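Colleague: Dumping what Swiss-Prot says about this protein:
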type: BINDING; residues: Asn106, Asp148, Asn161, Phe198; note: ATP binding site
type: COMPBIAS; residues: 289-316; note: compositional bias 'Acidic residues'
type: COMPBIAS; residues: 756-782; note: compositional bias 'Acidic residues'
type: COMPBIAS; residues: 783-795; note: compositional bias 'Basic and acidic residues'
type: CARBOHYD; residues: Asn61; note: N-linked glycosylation site
type: CARBOHYD; residues: Asn106; note: N-linked glycosylation site
type: CARBOHYD; residues: Asn216; note: N-linked glycosylation site
type: CARBOHYD; residues: Asn444; note: N-linked glycosylation site
type: CARBOHYD; residues: Asn480; note: N-linked glycosylation site
type: CARBOHYD; residues: Asn501; note: N-linked glycosylation site
type: REGION; residues: 289-322; note: region 'Disordered'
type: REGION; residues: 751-795; note: region 'Disordered'
type: MOTIF; residues: 792-795; note: motif 'Prevents secretion from ER'
type: SIGNAL; residues: 1-21; note: signal peptide
type: SITE; residues: Arg447; note: site 'Important for ATP hydrolysis'
Amino acid sequence: MKSAWALALACTLLLAASVTAEEVDVDATVEEDLGKSREGSRTDDEVVQREEEAIQLDGLNASQIKEIREKSEKFAFQAEVNRMMKLIINSLYKNKEIFLRELISNASDALDKIRLISLTDENALAGNEELTVKIKCDKEKNMLHVTDTGIGMTKEELIKNLGTIAKSGTSEFLNKMTEMQDDSQSTSELIGQFGVGFYSAFLVADRVIVTSKHNNDTQHIWESDSNEFSVIDDPRGNTLGRGTTITLVLKEEASDYLELDTVKNLVKKYSQFINFPIYVWSSKTETVEEPVEEEEAKEEKEETDDNEAAVEEEEEEKKPKTKKVEKTVWDWELMNDIKPIWQRPSKEVEEDEYKAFYKTFSKEHDDPMAYIHFTAEGEVTFKSILFVPNSAPRGLFDEYGSKKSDFIKLYVRRVFITDDFHDMMPKYLNFVKGVVDSDDLPLNVSRETLQQHKLLKVIRKKLVRKTLDMIKKIAEEKYNDTFWKEFGTNVKLGVIEDHSNRTRLAKLLRFQSSHHESNLTSLDQYVERMKEKQDKIYFMAGASRKEAESSPFVERLLKKGYEVIYLTEPVDEYCIQALPEFDGKRFQNVAKEGVKFEESEKSKESREALEKEFEPLLNWMKDKALKDKIEKAVLSQRLTQSPCALVASQYGWSGNMERIMKAQAYQTGKDISTNYYASQKKTFEINPRHPLIKDMLRRVKENEDDKTVSDLAVVLFETATLRSGYMLPDTKEYGDRIERMLRLSLNIDLDAKVEEEPEEPEDAAEEAEQDEEEVDADAEDSETQKESTDVKDEL
């Protein structure tokens with residue numbers, strides 16, 4: 001019974017399906033242009049409008065081009081233009097890709113003009129209310145189109161602006177608008193030279209076609225192959241509404257500029273911060289719903305289980321049969337969606353916006369350590385945002401000073417000009433990243449020599465001041481733990497190189513000191529902790545903190561409670577030498593002459609008595625024992641535990657500096673032994689309270705010709721040389737002298753020879769060697785025989 005009922009139901013459904021099929025056009029297909037729509041729900045009018053938009057960007061058809069060339073009015077380029085184009089094509093622009101930057105820049109200028117006119121003329125935008133730049137690649141026709149809805153050009157302007165170089169469309173416009181401007185309105189946005197940058201199109205194009213529509217004229221076409229140009233009324237009439245389309249018929253080797261990715265990357269690289277939206281005609285794959293074909297529906301129904309067929313067919317009747325299909329969709333894609341936040345007041349920009357902009361602009365993943373957003377006014381006006389990265393860029397000091405800095409991008413009226421500067425920022429600030437946008441710099445073909453412009457020096461000066469202000473505001477804990485670790489060397493180099501900002505930079509310096517085992521100290525903090533009558537800032541340089549704090553030069557200073565700054569980096573001593581004073585306090589290298597302490601009258605008398613007592617020893621050292629090695633010998637005020645030290649003059653090299661200079665000389669292959677500073681003799685300071693020195697005084701008084709005492713004096717000198725950070729010129733002689741002193745201390749005769757190893761006759765040596773081999777062989781045979789016996793026993 002149930003089977004009969006199911007069979008009847010199936011027949012009924014099949015009959016209904018056949019009736020439905022008769023009502024549907026079997027030959028109907030999905031509309032070919034459905035994929036042109038971004039959304040399946042878009043209306044036909046929207047699709048048509050967008051397609052017409054694309055067609056307007058296309059090049060002229062063959063018949064129209066033929067008509068243009070037959071009826072067009074021919075013109076010769078001005079002589080200066082011919083020379084300029086040859087200069088551009090052959091040498092001026094080393095990088096061809098900038099042609100797109102120039103064309104977009106010109107489009108932006110044209111949009112600026114019409115926007116300004118529209119403020120006083122409500123009908124100015126009647127032809128086209130959009131203010132945009134649109135770019136379309138046509139691979140089939142080998143054409144690239146750049147369209148703007150700017151002010152456009154009349155026939156006369158096309159001839160004048162694109163055929164001559166003496167008159168610039170933008171500068172003429174600026175002169176005309178001067179009378180119309182209110183005193184409170186800036187005309188700097190209109191500065192530029194349209195006609196010059198335009199010729200860069202011939203870097204990549206064999207032929208350039210300019211279609212332009214001005215509100216006060218009909219639409220015209222300008223065409224050139226760089227030898228001559230022609231102008232004619234556009235036979236298509238007004239297709240633009242208002243604005244200009246530049247069509248480039250690309251050279252064979254420039255076909256890469258028809259690739260969407262290439263064009264998009266160039267727009268983002270050079271023009272992402274233009275004031276007006278820039279669109280590129282782009283494709284992407286989207287999934288759309290399409291009706292299911294009748295044959296597919298039948299196949300699905302046949303595969304359906306008999307027991308569920310009724311239920312499924314009933315559900316399908318309630319909704320249309322569709323399937324998901326991937327389609328290529330073409331539409332305008334916005335390229336410059338990142339707003340130029342430096343154009344907004346800093347109070348209106350959130351911290352998260354700065355961080356997001358930094359990551360996009362610098363291609364970094366981390367947030368910046370610090371940033372500053374400011375507007376500079378005066379001789380030159382510009383807006384800027386500067387950032388300190390969270391970590392030092394890789395290879396920060398590779399080829400320091402010889403490589404360009406890539407981290408400051410210069411814009412002129414939101415148009416990227418270059419980041420290839422050698423002196424936009426000083427070398428020591430080569431880690432700072434940011435943008436500079438000025439309205440006062442020229443935006444024309446001469447930008448390749450822009451870094452010679454006098455206004456850049458003014459910009460540089462202000463950038464440095466603002467950067468130092470930004471660094472100064474970094475919190476103390478973050479500064480010491482992070483900034484100084486990453487960029488401390490840069491600040492020290494700044495003290496050496498930047499005379500005008502040396503005082504500001506000195507306040508940013510941080511060093512280790514005897515005040516704390518691990519914390520860094522600033523010079524301000526050091527001065528605050530100075531003793532009441534202390535008039536100098538004491539420092540000691542060494543290869544490490546341990547070396548510096550164990551130096552004999554700091555003994556008395558530390559004992560008396562003076563704080564000593566430890567310089568442990570190679571650049572540190574250079575840095576301090578470049579800094580004559582800080583807060584009225586001069587620096588004193590404790591490894592050099594000049595360390596003196598306040599002393600009472602009693603202390604002074606005691607010192608003078610000691611000097612008189614040790615005068616024989618001091619004179620003997622200077623005139624006899626160390627005659628060719630030292631400048632003079634004196635009693636030391638800085639030693640407490642060490643017997644002696646070797647002290648450089650105020651203008652000589654300390655031990656640390658000499659080591660650095662020699663290391664540099666080895667790298668460069670130079671010989672510094674004849675250098676004035678290296679060849680200077682040093683002062684030999686002795687500690688009159690040390691037992692070695694006291695005993696030497698006694699021996700010299702007894703017999704100043706004693707060879708042992710002379711050796712002792714030289715050993716003390718050489719030991720002091722090493723402990724003072726210097727290198728010995730002859731280490732073998734030093735070793736021999738130490739050996740003699742050890743012999744004396746152990747009562748070993750100085751002439752005692754080293755016992756020689758007895759030599760065996762060659763024949764005896766060979767016999768002994770043969771005997772050893774025979775013994776080894778006998779032992780091996782014995783061992784083998786024993787192993788064989790053991791095996792037999794086991795068996």
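Placement of Cβ uses the backbone N, Cα and C atoms for every residue, glycine included.
As the structure is a computational prediction, the values presented were derived from the model and not from experiment.
Just tell me what is around each of these and how deep it sits.
Modeller: Its Cβ placed at the centre, Asp148 (ATP binding site) has 30 other Cβ atoms within 10 Å. Look at Asp148 (ATP binding site): DSSP puts it in a strand.
DSSP gives Asn106 (ATP binding site) a helix state.
Sequence-distant neighbours of Asn216 (N-linked glycosylation site) (same chain, 6+ apart, CB under 8 A from its CB) are Thr154.
With a 10 A radius on its CB, Asn480 (N-linked glycosylation site) counts 17 other CB atoms from all the protein chains. In the three-state DSSP classification, Asn480 (N-linked glycosylation site) falls within a helix.
A 10 Å cutoff on Cβ-Cβ distances gives Asn501 (N-linked glycosylation site) a total of 18 other Cβ atoms nearby, all chains included.
The average pLDDT computed over the motif 'Prevents secretion from ER' (792-795) stands at 42.
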Colleague: Would you give the longest CA-CA distance, in whole angstrom, between residues of Asn106, Asp148, Asn161, Phe198, the set recorded as binding ATP?
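Modeller: Pairwise Cα check on Asn106, Asp148, Asn161, Phe198 gives a maximum of 17 Å.
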Colleague: Pick out which of the binding-site residues Asn106, Asn161, Phe198 has the most other Cβ atoms within 10 Å of its own Cβ.
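Modeller: Sorting the candidates by Cβ neighbours within 10 Å, the top entry is Asn106.
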Colleague: Quick check for the class: what is the C-alpha distance, in angstrom and rounded, between Asn106 (ATP binding site) and Asn501 (N-linked glycosylation site)?
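Modeller: The Cα atom of Asn106 (ATP binding site) is 40 Å away from the Cα atom of Asn501 (N-linked glycosylation site).
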Colleague: Does DSSP give Asn216 (N-linked glycosylation site) helix, strand or coil?
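Modeller: In three-state terms, Asn216 (N-linked glycosylation site) counts as coil.
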